Amino acid sequence: MESSLAHHAFSCSSKLASLRSKRLFQIGGRRRPHCFDFPGSGAFDRITRGGRVSLQIRSQVPGPAIDFSDPNWKTKYQSDFERRFNIPHLTDVFPDAESFPSTFCLRMRSPTGDFAGGYPSDEEWHGYINNNDRVLLKTIHFSSPTSAGAECIDPDCTWVEQWVHRAGPREKIYFQPERVKAAIVTCGGLCPGLNDVIRQIVITLEIYGVKKIVGIPFGYRGFSDEDLNELPLSRKVVQNIHLSGGSLLGVSRGGPSISKIVDTMQEKGINMLFVLGGNGTHAGANAIHDECRKRRLKVAVVGVPKTIDNDILLMDKTFGFDTAVEEAQRAINSAYIEAHSAYHGIGIVKLMGRSSGFIAMHASLASGQIDICLIPESPFHLHGPHGVLKHLKYLIETKGSAVVCVAEGAGQNFLEKSNATDASGNIVLGDIGVHIQQEMKKYFKEIGIHADVKYIDPTYMIRACRANASDGILCTVLGQNAVHGAFAGYSGITVGICNTHYIYFPIPEVIAYARAVDPNSRMWHRCLTSTGQPDFV
C-alpha cells in the first residue's frame, strides 16, 4: 500500500548523503569549502582537452553540466534556469483553456455569490500580480569562492541573475469557483502551524466563491482507507483551529499508490488539491500532478512546504521553524538550570534535525546558554585530544557546568547502522542523545571526575505546539498564496518565501535534496562564536 509514496520519499531523502561527499571543490590544488544551493550548480570536475585544463560543473540538481570554457556558458545557464523554473500551467496541457475575470477582490466585503449574472470584473483594482513579475533568487554577489558562505556558479563567482515567479492573485483565473471541489491533506509528522495553513486556505477559497471544500483525513492514507471519510470544511469549521497545535485533519506517513490517489480524486470530483508536507510529501504531490497531466485532468496540485527542520531548498524558512526555535528555549533553559545547579552538572538537549542542523544552530544562538552545538553537517569526534569529551572536561574544570545541544541526525556514525525506514522512506535514526549521555558518564567515571549528566528530548512537545506570531503570519500568507496559485491555473508548484518575498517554485527544484547548514556560512560561524567551542576533529 505504501510502496509508491515511500519510494518517492526515500529516493528524495537518500540523495543527501552522497551529495555531501561533493561539498568540496578543487581549484589550484587547494580544497575549498562551498555551498552550492543553485540548481544546476555543484562540485567541479577538472576536464582536459588538448592539454588545456578547464573546469566543468557537476550538477546536483537535474540540469545539464556547464562547460565554463564556453564563452556563452552564462547565457546558456540562464536559459536553462528559466526553463527549469518555469512553473507548470494548465494551458501547457489545455492550450485553449478558458480564463475568467478573477472573483477575488478585496473591495468585496462578503464571499462572492453564485455568479448568476456572470463573473464580476474589477479592472480598476490594482491588487493583482502580473504574470511576468519576478523575484531575485540570490541577492549577494560573492567576489570569491573563499568568501564565507559563498554560493558560486563558476570558479570566478560570476554574477548571474536568477529570477523566480512572484506569488499572489492574478487578474484572470482558470477555474469557475462554483465548479471547484477543493481538498486539503496534511502528511508526515506534526508541525506548528498546520491548522493555521488549513484555516487560511479555507477562508481564501470561500472568498473566491468556492462552496465545496473538504479535508482528507490522516494524510495520503485518507484517499484509500474506506473507514476514513472526507471532512467538510468551511470558515465556521476552521475559525478557531489556529488556536491549537496539531492538525484538524490528522497526519500519517506513507499512503496508497499514486494511481489510486488520482482514481479517488476523479471519483470524488476533486479538481484542486492542497498538499501540506515536506520533501517526501512534495515528491508525492508532484507525482500526483504528473499523473493528472497524463490523464489530461484539469486539476491544480499545489504544495505548502511543511518541515520543522527548515530543510527545503531555496527558501528563507518554512513554517513551524521559528516556533520550534522558540519552544526549544524552554528545554535549553531547563538543561542549563539543571546543569548549573548540580555539582559538575552537564545538560544535554536533543533537537529535531534529521539531516539539517538549523534548529540546533538557531536555538543555540538564541539561548546564549549553549557551550557545545553539534549538527549533522559538521563532523566531530567524541574521544581523543580534540574530541567533545576532552572539551567538556575543560568546561567542567573552568566553569563547573556545561550545556550541549545536539541535532538528532548528528553523530550517526557513532551508532549502529540500521537499514530500517519509516513509512515515508526516511532511515530510522539511532538516539545520539542517549549515546552521548552514556559516553559522558563512562568518560568522567574513567578519569575519576564526578559528573551529573541530565538528558532532555523535547521533540514531541515542540511538534505539538501552536504556531507563534511569526509563524502565524507566514502560515497565513502561504495559505492565501497557495489558493491564488491554484486559481491562476498553476499546478505542480509549491509556495514559499524567498528574500522576504513570496514566490512559486516548480516542485522538483525544491525537493532534489535536503537543504543543509553550510559549515562555512556566517550563521554557523556566529554560532561557534557564541558557544566558544573548538573544532572537534
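Glycine residues also receive a Cβ, built from the backbone N, Cα and C atoms like all the rest.
Now, the feature entries from TrEMBL:
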DOMAIN    182-484  domain 'Phosphofructokinase'
BINDING   GLY189, ARG253, GLY254, GLY278, ASN279, GLY280, THR281  ATP binding site
BINDING   ASN279  Mg(2+) binding site
SITE      GLY280  site 'Important for substrate specificity'
BINDING   THR307, ILE308, ASP309, MET352, GLY353, ARG354, GLU408, TYR460, MET461, ILE462, ARG463  substrate binding site
ACT_SITE  ASP309  active site, proton acceptor
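Closest to THR307 (substrate binding site) by Cα-Cα distance, out of the binding-site residues GLY278, ASN279, GLY280, THR281, is GLY278. Comment: substrate site residues THR307, ILE308, ASP309, MET352, GLY353, ARG354, GLU408, TYR460, MET461, ILE462, ARG463; largest CA to CA distance 17 Å, whole number. Largest CA to CA distance in the ATP binding set (GLY189, ARG253, GLY254, GLY278, ASN279, GLY280, THR281): 12 Å, whole number. A Cα-Cα distance of 23 Å separates GLY254 (ATP binding site) from MET461 (substrate binding site). Cα spacing between GLY280 (ATP binding site) and MET461 (substrate binding site): 23 Å, rounded to the nearest whole number.
Here the CA atom of ARG463 (substrate binding site) lies 17 Å from the CA atom of ASN279 (ATP binding site).
When the binding-site residues GLY189, ARG253, GLY278, THR281 are compared by Cα distance to GLU408 (substrate binding site), the shortest distance belongs to GLY189. Taking the C-alpha positions, the distance from GLY189 (ATP binding site) to ARG463 (substrate binding site) comes to 8 Å. Cβ packing within 10 Å was compared across the binding-site residues ASN279, THR281, THR307, and the lowest neighbour count falls to THR307. Taking the binding-site residues ASP309, GLU408 in turn, the residue surrounded by the fewest other Cβ atoms inside 10 Å of its Cβ turns out to be GLU408. For ASP309 (substrate binding site), the nearest neighbour among the listed binding-site residues (ARG253, GLY278, THR281), judged by C-alpha distance, is GLY278.
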